Amino acid sequence: MDMDNYARYWHGYAVVLKPLLSFFEMKDIRLIYNTVVIFLLCYTSYSIATSVNKTSSIAFILSMAAMHVEIFGLSLQISNMFIVMMLFIIFICRNKTALIYSNNIIPLYFFILGSVINFIDLLTAPVASLSIPLIIIILFLYEGKATFISSIKTTIFSSISWGLGYGLTWVAKWLIASVILGQNVFLDAIQSMFFRTVGNENYPIHRIDTILNNFTAMFYSEYMLIVLAVILFMAIILKSRISLSLSLPLLLISLIPYIWYTILSNHSQIHTFFTYRAQGGTFMIFLIMLAAIIRPNSFNFRK
């Protein structure tokens with residue numbers, strides 16, 4: 001990959017990729033990545049099934065399918081973020097009990113996750129690494145009978161912590177690169193950020209279109225907005241069967257990618273063909289809420 005004019009990124013993926021390139025051809029490396037992705041997908045699904053329930057595991061698998069997990073191993077960039085995300089999910093599943101009864105430490109874990117994601121990713125769909133694990137955390141807290149306020153606080157603080165980890169790690173690279181390279185990488189990063197958020201004459205910003213284009217890339221049709229609205233309405237109507245301490249935190253998490261698209265509108269507008277994957281968590285929540293409405297007993301969502 002050409003790294004010219006990309007000094008603002010850490011390029012942490014090279015820590016693994018460069019040694020592999022010393023011993024293997026690209027086709028062999030892609031095979032290795034594919035094997036790792038498939039193994040982690042299976043093990044993560046198993047971990048969710050045993051620590052939460054089978055319905056959540058199926059929702060996770062289908063959300064990964066909607067993001068086209070079958071091609072992750074072919075992209076040495078996209079796969080890195082999802083590999084880290086799945087490793088993190090396995091970690092939280094193995095530490096479920098500790099997280100339920102010591103949930104104050106959860107934001108710290110998300111801070112570390114955000115930092116690692118920034119280190120290895122190139123703005124592919126980073127917020128998917130926040131939303132999908134956070135869904136699992138909220139399901140844990142619900143099972144542990146956490147209060148509504150506790151679940152909301154965990155959702156908000158974990159999201160902020162992830163953002164701080166991601167942002168501070170990025171800023172650190174700008175400063176370090178500026179010193180080592182003798183270039184004003186910080187200025188380059190600020191200019192790039194300005195372009196990614198407000199665009200320019202050649203790439204004017206259309207935030208509503210950006211959100212709709214990414215939405216249809218994930219959900220295939222804007223009419224799915226109506227379906228999602230109906231599911232949300234049903235969840236509110238059936239609040240006696242679906243606890244607000246579960247549904248409202250999940251609703252907040254489902255909005256994360258659209259906040260991301262609104263802020264980084266230019267980037268999400270130009271690169272819809274891969275930024276749509278940021279909605280992986282939203283897709284998973286859609287399936288979970290649908291299951292909760294259809295079969296609340298099998299999902300154990302009763303108050």
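Any Cβ shown, glycine's included, is placed from N, Cα and C.
Under 8 Å from some Cβ of the transmembrane segment (31-52) lie the Cβ atoms of residues 20, 24, 60-61, 64, 69, 72-74, 76, 79, 82-83, 86-87, 89-90, 93-94, 96, 136, 139-140, 143, all in the same chain and six or more residues away from its ends. TrEMBL lists 31-52 (among others) with the feature transmembrane segment.
Per TrEMBL, the feature transmembrane segment maps to 58-91 (among others). With a threshold of 8 Å between CB atoms, the same-chain residues lying at least 6 positions outside the transmembrane segment (58-91) that come near it are 1, 12-13, 16-17, 29-31, 33-38, 40-41, 43-45, 47-48, 109, 113, 116-117, 120-122, 124-126, 128-129, 132-133, 136, 218, 274, 276-277, 280-281, 283-284, 287-288, 291.
As annotated by TrEMBL, transmembrane segment applies to 98-117 (among others).
Taken from TrEMBL, the feature transmembrane segment covers 123-142 (among others).
Summarising the annotation, TrEMBL assigns transmembrane segment to 163-186 (among others).
TrEMBL lists 217-237 (among others) with the feature transmembrane segment. Through the fold, the transmembrane segment (217-237) approaches residues 66-67, 247, 251, 272-273, 276-277, 279, 282-283, 286, 289-290, 292-293 of its own chain, all at least 6 residues removed from its boundaries and within a Cβ separation under 8 Å.
Within the chain, the transmembrane segment (244-264) has long-range Cβ neighbours (under 8 A, six or more residues past its boundaries) at 123, 127-128, 130-131, 134-135, 138-139, 141-142, 146-148, 150-152, 154-156, 159, 196-197, 207, 210-211, 214, 232, 235-236, 275, 278-279, 281-282, 285-286, 288-289, 292, 301. Taken from TrEMBL, the feature transmembrane segment covers 244-264 (among others).
TrEMBL lists 276-294 (among others) with the feature transmembrane segment. Long-range Cβ contacts of the transmembrane segment (276-294) within its own chain (Cβ-Cβ under 8 Å, at least 6 residues beyond either end) map to 55-56, 58-60, 62-64, 66-68, 78, 124-128, 130-132, 134-135, 214-215, 217-219, 228, 231-232, 234-235, 238, 241-242, 246-247, 250-251, 253-254, 256-257, 260-261, 268, 301.
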